[in-house]
């Protein structure tokens, strides 16, 4: 090692690093799923309208804070497990494989629900854009076209290339900032009010439950740890990038939600959101900007929703692929197209599922914005929240077993804090889900989704027990990712003495 | 030579493009370069690490270069590290070696802003030789002929990187070939088995991340 420290990194290290990702690339990867314009124009106005509570800006800041605390322990743990893909692999490392499979069974419907929910928004927005240019098309037709494009791109595994995403994302953020500035510059009653930011609102149970909606807007930030083996400095790059991937959307969404309420006045924002639906922001800024600016915004909104739906589609397919590789799902799901690497069956499964749901909504004439988009993301968000909660417990358990040279804040305090906070949010969500979905208090939708997740988790537990009995070799590999067969449990240890011809071994370091 | 055969199997003989995801075929080539050194008796693998057991230069210049690098960089031992490092330019390196051996010709394809050199068999003779590589393997498997270590290692790499379907596509006795595979794997020495397993894992990770 003396050699490499004396004259900087050696040729191998440099060769490997030249191809690796820095902080910005990793942040893009994480934020791409949570396309900010989708959340700001689609989700925030829908939350204002559906929940009818003005604490939305505050909720985003608090959600970002909670997730930052969660990120501390999560990233610390990611350094100690190889091929850390998704939440379920953390849970199986920290809480055991049975819990891991249960988590995987919760994750599948959760991410699928979020992705399908996005089609509701996509259809609605596309139909609005077309109507403005004089073409009449129902949301269903638009959603079907979007579905078809995503199904084809998913099978071909055409990821929007990093550059395209970067350009779109930069444009989105720019236009959001401009809209925000305009809305704040024209406050209702001539006075910028901070009423919607008052912390006292946090004490109402409804607000705690709204946190799940905010958290749904961050989904995707956890994907950054997948790149830990591709990052320039696995320790620092990933940690920084993950924090950025939480804080950036958090600030952007929080400020935008606040800016909307400044412009309408805190008392009127809910009614305005109900009237304008996803056109809310555009309606608010229209009096102050040239028309072209609004049109650009609509187009970016559409591309943003599409990119988010595509990113989620890829995430769902990849999740099924990972589970197929580990034989938790049938092995056919673990087969990738040899040339493109597309997880074929996962992609097709998700597409078919989405198609069925779209047809059901069309046949029953159900509202795409509230009952598909809002419900899909809320219910999906609940599942992801359960996963985060499980993962935060897994981080605690993992670091109790091995401290692994992480300091007390990262290994114990932050994970415990995150676990307590997420427990509170989860409890509030399960209790208050009916309010979030705006159903009657005697409706089965108050509890059916939570119950369904519980059933999925129980099935996962049973499946894990069956696997342990019937296929112990597959069971041993759960949560170990693609490297399962070759990863020794303990960290590397010196073995040179056990080599047959030690004298010929080129080095003794 | 292992890497030459792997290259010819992993690339389309008409277009010169990789039949696999470029990162997967790069890893397969990196692995076969390390495998060559193992077959030459220069390199061994233990619990995921590589050890140079003989510094004697091998006859081939590319193998010599890789061995020199392994000797000069003793602080890097992990198979994963070396696979990732060698994969970056393995395609060009092995392509150049095939060019020197007269098996392929260089073809430069210009795109909008960049030019890429592909190595592909052009003459009828070269094409036959290239296509023969995969036919040879499937024939030997189908007729249960005994194979040398190099060919058995090649089959293991073909399977690990996902070229199985391509190699056995044109054979009638496809099932028979597939049935032979476990026995072939079991017959490999432990070093090669480890190399193959790490290669399979690296390909899996590369595909799972899906970054180009």
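Cβ from N, Cα, C; glycine included.
Taken from TrEMBL as is:
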- A:26-466: domain 'Amino acid permease/ SLC12A' (DOMAIN)
- A:488-509: region 'Disordered' (REGION)
- A:21-51: transmembrane segment (TRANSMEM)
- A:57-77: transmembrane segment (TRANSMEM)
- A:98-122: transmembrane segment (TRANSMEM)
- A:137-158: transmembrane segment (TRANSMEM)
- A:165-187: transmembrane segment (TRANSMEM)
- A:207-229: transmembrane segment (TRANSMEM)
- A:241-260: transmembrane segment (TRANSMEM)
- A:298-321: transmembrane segment (TRANSMEM)
- A:342-363: transmembrane segment (TRANSMEM)
- A:369-400: transmembrane segment (TRANSMEM)
- A:412-432: transmembrane segment (TRANSMEM)
- A:444-466: transmembrane segment (TRANSMEM)
Top partner of the transmembrane segment (A:21-51) among A:98-122, A:207-229, A:369-400 - counted as Cβ pairs under 8 Å: A:207-229
Residue numbers, six or more beyond the limits of the transmembrane segment (A:165-187), whose CB comes under 8 Å of its CB atoms: 28, 31-32, 35-37, 40, 193, 252, 255-256, 259-260, 262-263, 265, 281, 284-285, 287-289, 293, 296-297, 300, 303-304, 307
Intrachain neighbours beyond the transmembrane segment (A:241-260), with Cβ under 8 angstroms and 6 or more residues off its ends: 23-24, 26-27, 30-31, 34, 36, 39-40, 44-45, 48, 56-58, 60-61, 63-65, 67-68, 71, 74-75, 173, 176, 179-180, 183-184, 194, 196-197, 214, 217-218, 220-222, 224-225, 231, 269, 280-281, 284
Surrounding residues of the transmembrane segment (A:137-158) on its own chain - C-beta under 8 Å, 6+ positions past either end: 119-120, 122-124, 126-127, 130-131, 306, 309-310, 313-314, 317, 337, 340-344, 347-348, 350-351, 354-355, 358, 361-362, 368
Criterion met for the transmembrane segment (A:207-229) and the transmembrane segment (A:369-400) (at least three Cβ pairs under 8 Å): yes
For the transmembrane segment (A:412-432): best-contacting stretch of A:57-77, A:98-122, A:298-321, A:444-466, by Cβ pairs under 8 Å: A:57-77
Stretch among A:57-77, A:98-122, A:298-321, A:444-466 sharing the most Cβ pairs under 8 Å with the transmembrane segment (A:369-400): A:98-122
Mean per-residue pLDDT computed across the domain 'Amino acid permease/ SLC12A' (A:26-466): 87
Spatial neighbours of the transmembrane segment (A:57-77) far in sequence, C-beta under 8 Å, 6+ residues away: 84, 90, 93-94, 196-199, 201-202, 207, 210-211, 213-215, 217-218, 221-222, 225, 238-239, 242-243, 246-247, 249-251, 253-255, 257-258, 261, 388, 391-392, 394-396, 398-399, 406, 409-411, 414-415, 417-418, 421-422, 425
Sequence-remote partners of the transmembrane segment (A:444-466) [C-beta within less than 8 Å, at least six residues beyond its ends]: 97-106, 108-110, 328, 379, 382-383, 386, 430, 433-434, 437, 475, 478
